[in-house]
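Only one structure is covered here, and it is reproduced in the block below.
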Amino acid sequence: MELRTKKTTVMGLAKTGVASARFLAQQGARVTATDMRDETALATVLSELAGLDIRFVLGHHDEADFTAADLVVVSPGVPQEHPLLRKTTEAGVAVVSEIELASRFITAPLVAITGTNGKTTTTTLAGELFRANGFSTYVGGNIGDPLIDLPASGEPVERAVAEISSFQLEWISSFRPKVAALLNITEDHLDRYPSYQAYINAKLRIFENQTADDFAVVNRDDELVWQAAQSLKAQLFPFSRRHELTEGIFSREGELLFRHHGQELSIPTAGFRLQGVHNLENIMAALACCLLLGCQRETSLELLNRFEALHHRMEFVREVADVRYFEDSKATNVGSVAKALESFENITLIAGGKDKGGSYAPLAELVQQRVRHLVLIGEAAERMQQELGDLTATHKAATLEEAVQLSADLTAPGGVVLLSPACSSFDMFKDYEERAQRFITAVKRL
């Protein structure tokens, strides 16, 4: 793709927008970068891009920068139905996401991983598996560095692994991973999408341009994912905790079995550091992606036996008075909380925060079976109590610190206190990381 002298506009100057503008300028494009924030708010961004031939339009957008451009690159935070983008496409101008732009310049086999939950752990693990097996590997996308930083660096790599969000998939046209993985789909981001189906459709676009030469790694146990997978053009490679597979990877007592083209590999699970049923699925998905692209069993097993859980994903904090405390602040939707609840019994669950629009009803059975006490915080507390409060002993707390102390008082020896909110954090905290740190601090003060 030739970019030299092309009129390009980058909409939105968050992390991917900055990286895209830098790359386009390096390629010799005529770059306009535009953001609704003003110069003061973007001082750090402007210093990052200083010295590059970029024209900035700040505090507003000019329609002509879009409709008269050769190419518009949209940051994932910009809604797809933005009026300016509608006018741009009507004018016949190509609109792409940063991952679409990046993929046109990446020559290494690309592994792209999406799903409502587990993306970051699976992506990180896949990258570490490739590296342990001796492949020079770039890991980025929705975590760490934007995917466009790979071609921008000019560094040759043998494998690329990208975490991909539904937002990033909205503006693809030729994006084609060698291996695309869809881990699961549950209700999320209904504050962004007009319907659950629209969110599902966005996720499924990860497979859109694959052919029979590519692989689609999909969750056999997620009926929605599995049904959608039947119409894909790529070779299906499922993973499952519940089904034995003739082609795919599945768990059996004490081992994972990887079956591909008549060959079988057994991978013992006893030494895995990652715990929880959700992490077993993440491990299977990552292994599938990597074993399909040249990784070896022995080296991969060595890595799995030392790979630790990422922060804020069902992370053990400490044990006090024979009660274990786990922090799962990244669990901002019902699907991720369900996986956490499946991993424990005798739970005191701290949940709540800023409501994201989905139903909490899918948690009902697990709450009834496994949660002894439900401690609710934040804006969503009232609605969560309406949907789940009759299923177990339910309490409200004004602060997270109060919730931790209340949970300590309520939980019997042998039990588990789990922060797994099913909500975003923005009603009470800057982000999920601050919520996690406040929880950890409160637990350490017990």
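Each residue, glycine too, has its Cβ placed from N, Cα and C.
Taken from Swiss-Prot, the feature ATP binding site applies to Gly115, Thr116, Asn117, Gly118, Lys119, Thr120, Thr121.
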Cβ proximity for Asn117 (ATP binding site), under 8 A, sequence spacing 6+, ordered by residue number, returns Leu183, Asn184, Thr186, His278, Ala331, Asn333, Gly335, Ser336, Lys339
Chain-internal residues, separated by at least six, CB under 8 A from Lys119 (ATP binding site)
Ile113, Asn142, Ile143, Glu163, Ile164, Ser165, Leu183
Out of Thr116, Thr120, Thr121, which of the binding-site residues has the smallest number of neighbouring Cβ atoms within 10 Å?
Thr120
List the residues in the vicinity of the ATP site, defined as same-chain residues other than Gly115, Thr116, Asn117, Gly118, Lys119, Thr120, Thr121 with C-beta within 8 angstroms of the site's C-beta centre.
Ile113, Thr122, Leu183, Asn184, Asn282, Ser336
For Gly118 (ATP binding site), the nonlocal same-chain Cβ neighbours (under 8 Å, six or more residues apart) come out as Leu183, Asn184, His278, Glu281, Asn282, Ala285, Ser336
